[in-house]
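*Asks:* The following block contains the structure, expressed as structure tokens.
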Amino acid sequence: MMKMLKKEEMGGYGEVESWWRRWLWSTNHKDIGTLYLYSGVWGGLFGASLSLMIRMQLGHPGAVFLKSDWFYNVVVTTHALMMIFFAVMPILIEAFGNWLIPLLVGGKDMIYPRMNNLSYWLSPNALYLLMLSFSTDKGVGAGWTIYPPLSVYPYHSGPSMDVLIVSLHLAGLSSLVGAINFASTNKNMPVLEMKGERAELYVLSISVTAVLLIISIPVLGGGITMILFDRNFNTTFFDPAGGGDPVLFQHLFWFFGHPEVYILILPAFGVMSKVIMHCSGKEAVFGLIGMVYAMIGIGGLGCMVWAHHMFTVGLNVDTRGYFSTATMVIAVPTGVKVFSWLATMAGSKFKMKPAAYWSTGFLFLFTVGGLTGVLLSSASMDVSLHDTYYVVAHFHYVLSMGAVFGVFCGLNHWLPNFVGVCFNKKWSKAHFMAMFFGVNTTFFPQHFLGLSGMPRRYMDYADIYAHWHWVSSYGSAVSFGSLMYFKFLLWEALVSQRGVVFSGGLCGEMDWAGTRDLYPGSKHVYSQLPFVWTNPYNTCITYIYKKSRNQ
């Protein structure tokens with residue numbers, strides 16, 4: 001007897017949808033988001049494995065684990081690129097964005113579904129080329145910044161650097177195509193009441209991120225193309241002997257590189273706003289309009305401060321003064337966001353779900369990273385601390401603890417919506433405790449190393465630094481163990497099939513309200529636009545849905 005197929009199991013034209021068609025040629029936002037999630041988790045685990053190799057080497061003075069200083073720098077380079085382009089960005093922007101943006105704007109899918117599919121399949125090809133550069137010739141040991149002259153002949157004479165540059169081109173193209181899709185979706189698809197200042201904060205964070213990507217990715221592409229031409233076509237864009245200037249590449253790279261920091265952290269801001277609002281039981285975050293303009297201000301200022309990475313290259317006093325002041329000004333909108341989150345928690349019966357643990361941990365750790373950033377924004381201070389472990393500690397507090405805690409917070413909050421099962425709550429809280437202890441033990445001692453003068457990118461060091469390096473390596477082992485524990489938690493949730501009884505979401509949460517009667521939801525939640533009602537005071541929005549569960 002023929003099996004009756006549900007509509008979700010049918011293709012777009014009524015035929016049975018095969019496994020290959022669903023996952024290789026998918027134009028469904030949820031399937032593509034799931035693919036990004038799988039890819040990002042794999043990239044994150046591989047990048048974390050490389051970081052453990054780095055810390056095993058630095059646990060004791062001398063070449064105790066990695067016998068070659070060149071290979072040490074190859075591992076550092078691959079770790080950075082893997083975590084940025086193939087772990088945090090695929091999960092925070094692409095996976096969560098693909099899953100949630102259509103739900104939050106009231107749309108059926110992304111505005112360009114086929115472009116969405118193209119955006120994903122460029123990413124595995126870029127990942128393959130990155131792995132190929134890691135194993136080709138001697139690998140790329142120039143750091144993720146690939147500064148010339150280290151990235152050109154004769155210092156990188158093999159093909160590995162060329163392969164890496166092509167990988168970055170593909171990764172950048174993937175991000176650019178996805179950003180155009182997100183920006184177009186967020187501009188054109190929201191129902192009327194969800195546009196402008198009334199947009200969901202996560203939607204706004206993805207919109208600002210998409211604009212930053214559209215501005216900065218072409219500049220990176222131009223810079224690395226110039227390196228490719230210097231290496232292969234005898235140009236001298238960055239060679240002083242031919243009239244070039246290596247500092248030009250630093251300007252091009254950091255015009256991309258600093259917005260990239262906000263590209264990584266802004267989606268985490270959106271996740272925190274959603275989770276804190278949910279766990280506080282409130283219909284809107286405190287100071288909603290201030291939060292909107294703070295996020296826009298952070299994105300705008302982020303494009304104007306790139307040269308604070310270059311205080312030691314010989315900038316004149318006026319230029320250093322401008323970039324130092326502009327960098328400090330970013331602390332103002334960032335402070336607005338942090339205190340608005342705290343005010344949202346105030347006066348509420350805060351539900352300490354696992355996601356709430358990650359959100360409160362994020363607030364503490366991101367604040368610490370921001371305070372060390374204020375010190376580094378001073379041009380005179382940065383001259384002493386530039387390229388020391390103080391800088392490593394600063395950006396890992398913002399990224400390894402900010403963006404990554406945003407990833408875990410989002411997974412704990414939205415996994416029931418994505419796959420219909422829940423993590424074990426007690427075990428998830430234990431995972432947070434282990435991760436929180438591990439990352440702090442790893443990176444807080446590195447402030448002391450930097451203040452003592454320990455430089456970055458060296459595999460060996462004086463014995464005086466051995467104690468804090470040992471403590472940092474111990475914390476790294478704890479962090480890696482907590483990641484393995486998370487793999488177990490994910491497996492346990494999928495095997496036990498611990499279903500969702502009810503979402504706990506308020507009526508104003510479109511990500512939950514659209515699928516409130518079934519988890520996970522169908523491939524397309526809305527067959528028609530939802531009806532949206534705003535209260536007279538414009539402080540929050542309540543959503544009323546017609547029954548529209550069909551395709």
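Glycine is treated like the rest: Cβ placed from N, Cα and C.
Here's the feature list from Swiss-Prot:
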- 34-54: transmembrane segment (TRANSMEM)
- Gly62: Ca(2+) binding site (BINDING)
- His79, His396: Fe(II)-heme a binding site (BINDING)
- 81-101: transmembrane segment (TRANSMEM)
- 126-146: transmembrane segment (TRANSMEM)
- 163-183: transmembrane segment (TRANSMEM)
- 209-229: transmembrane segment (TRANSMEM)
- 252-272: transmembrane segment (TRANSMEM)
- His258, His308, His309: Cu cation binding site (BINDING)
- Tyr262: O2 binding site (BINDING)
- 285-305: transmembrane segment (TRANSMEM)
- 326-346: transmembrane segment (TRANSMEM)
- 356-376: transmembrane segment (TRANSMEM)
- His386, Asp387: Mg(2+) binding site (BINDING)
- 391-411: transmembrane segment (TRANSMEM)
- 432-452: transmembrane segment (TRANSMEM)
- 475-495: transmembrane segment (TRANSMEM)
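Help me picture where these features are in the structure shown.
*Replies:* Under the three-state DSSP scheme, Gly62 (Ca(2+) binding site) falls in the coil class.
DSSP classifies His396 (Fe(II)-heme a binding site) as helix under the three-state reduction.
Same-chain residues lying 6+ beyond the ends of the transmembrane segment (81-101) with a Cβ under 8 Å from its Cβ atoms: 29-30, 32-34, 36-37, 39-41, 43-44, 46-47, 50-51, 107, 110, 116, 119-120, 123, 126-127, 130, 144, 164, 167-168, 171, 175, 178, 182, 185-186, 202-203, 206, 209, 260, 263-264, 267-268, 271, 399, 403-404, 406-407, 410, 414, 417-418, 511.
Cβ atoms under 8 Å from those of the transmembrane segment (126-146) belong to residues 39, 43, 70-74, 76-78, 80-82, 84-86, 155-156, 158-161, 163-171, 174, 224, 227, 250, 253, 257, 457 of the same chain, restricted to positions at least 6 beyond its ends.
Sequence-remote contacts of a segment are chain residues at least 6 beyond its ends whose Cβ falls under 8 Å from one of its Cβ atoms, and for the transmembrane segment (163-183) they are 81, 85-86, 89, 93-94, 97, 101, 110-112, 115-116, 118-120, 122-123, 125-127, 129-130, 132-133, 136, 140, 146, 206-207, 209-211, 213-214, 217-218, 220-221, 224-225, 227-228.
Here the transmembrane segment (252-272) has long-range neighbours at 84, 88-89, 92-93, 96-97, 145-147, 200-206, 208-209, 212-213, 215-217, 219-220, 222-223, 226, 295, 298-299, 302-303, 305-310, 337, 341, 359, 362-363, 366, 395, 398-399, 402-403, 405-407, 409-410, 413, meaning same-chain residues at least 6 beyond its ends whose C-beta is under 8 angstroms from one of its own.
In sequence order, Gln250, Trp254, Gly257, His258 are the residues of the chain that are 6 or more apart from His309 (Cu cation binding site) and have a CB within less than 8 Å of its CB.
Tyr262 (O2 binding site) is surrounded by 23 other CB atoms, counting those within 10 A of its CB over all protein chains shown.
Cβ atoms under 8 Å from those of the transmembrane segment (326-346) belong to residues 269, 272-273, 276-277, 280, 282, 285-287, 290-291, 293-295, 297-298, 301-302, 304-305, 308, 359, 363, 366-367, 370, 373-374, 377 of the same chain, restricted to positions at least 6 beyond its ends.
Here the transmembrane segment (356-376) has long-range neighbours at 265, 268, 272, 275-276, 279, 308, 327-328, 331, 334, 338, 341-342, 350, 382, 385, 390-391, 393-398, 401-402, 405-406, 408-409, 412, 428-429, 432, 436, 439-440, 447, meaning same-chain residues at least 6 beyond its ends whose C-beta is under 8 angstroms from one of its own.
Taking Cβ-Cβ distances under 8 Å and a sequence gap of 6 or more within the same chain, the neighbours of Asp387 (Mg(2+) binding site) are Thr312, Pro455, Arg456, Arg457.
Residues 40, 44, 83, 88, 91-92, 96, 261, 264-265, 267-269, 271-272, 275, 355, 358-359, 361-362, 365-366, 368-370, 372-373, 376, 385, 431-432, 435, 439, 442-444, 446-447, 449-450, 456, 486 of the same chain lie 6+ residues outside the transmembrane segment (391-411) yet bring a C-beta within less than 8 angstroms of a C-beta in it.
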*Asks:* May I ask which of the binding-site residues Gly62, His79, Tyr262, His396 is closest to His308 (Cu cation binding site) if we compare their C-alpha atoms?
*Replies:* Tyr262
*Asks:* Name, in the order they occur in the sequence, the residues of the same chain whose CB lies under 8 A from the CB of Gly62 (Ca(2+) binding site) and which sit 6 or more residues away.
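*Replies:* Gly62 (Ca(2+) binding site) has long-range Cβ partners Asp460.
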*Asks:* Contact between the transmembrane segment (475-495) and the transmembrane segment (432-452) is defined here as three or more C-beta pairs under 8 Å separated by at least 6 residues; is that satisfied?
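*Replies:* With 3 or more qualifying Cβ pairs, these stretches touch.
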*Asks:* Within the same chain, and leaving aside His258, His308, His309, name every residue whose CB is within 8 angstroms of the centroid of the CB atoms belonging to the recorded Cu cation site, in sequence order.
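*Replies:* After dropping the recorded site residues, what remains is Trp254, Gly257, Val305, Trp306, Ala307, Met310, Phe323, Thr327.
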*Asks:* In angstrom units, rounded to an integer, how far apart are the Cα atoms of His396 (Fe(II)-heme a binding site) and Tyr262 (O2 binding site)?
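*Replies:* Pair distance, Cα basis, whole Å: 14 Å.
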*Asks:* Taking the Cα atoms as reference points, how far is His386 (Mg(2+) binding site) from Tyr262 (O2 binding site) in Å?
*Replies:* 20
